[in-house]
Amino acid sequence: MPPMLSGLLARLVKLLLGRHGSALHWRAAGAATVLLVIVLLAGSYLAVLAERGAPGAQLITYPRALWWSVETATTVGYGDLYPVTLWGRLVAVVVMVAGITSFGLVTAALATWFVGREQERRGHFVRHSEKAAEEAYTRTTRALHERFDRLERMLDDNRR
């Protein structure tokens, strides 16, 4: 991408998001992470309640249920632990959605941070290049004006 175009895009993104656009992403990612931890803890507890006493249930202790909720939220799903009751499966759906959403927000915040850093770097390069080009243009213009002034003086001197 040409530097001028990337600089324009960087300015456009900064204009749209403002200075606090990146902070907004980090706050959303932080809130999603806190919510995920709450869902993991509550989901583990609810899974134990839902699964306790069911035939073939494996999620009958809190530590096992907590491990299962982390597996489920991260979409690893080893398959070693799984709910067997309807209520346990509904809890699993909530844990899955919370995990997928939270990891998506954190990933988006990280990507925004990396892209923002690169855009800022390119924007600085573009501003520096534009300033250097403007200074060169000004010097060239002044030199041309001086030459034209000299030529006009020479023509005036020759006419006299």
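Numbers run from 1 along the shown chain.
Just so you know, glycine gets a Cβ as well, placed from its N, Cα and C.
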### Task
Choose the correct range: of 15-20, 21-26, 69-74, 75-80, which one does Swiss-Prot annotate as motif 'Selectivity filter'? Give that range.
75-80
### Query
Other than its close neighbours in sequence, what residues sit by the intramembrane segment (73-80), given a CB gap under 8 Å and a spacing of at least six beyond its ends?
36, 39-40, 58, 95-96, 98-100, 102-103
#### Entry: Same-chain residues at least 6 beyond the ends of the topological domain 'Extracellular' (51-61) whose Cβ lies under 8 Å from its Cβ atoms
68, 80-85, 88
### Task
With DSSP as the reference, give the number of residues of the topological domain 'Extracellular' (51-61) in helix, strand and coil.
1 helix, 0 strand, 10 coil
### Query
Same-chain Cβ contacts of the topological domain 'Extracellular' (81-87) under 8 Å, 6 or more residues past its ends?
46-47, 49-51, 54-59, 64-65, 67-68, 71
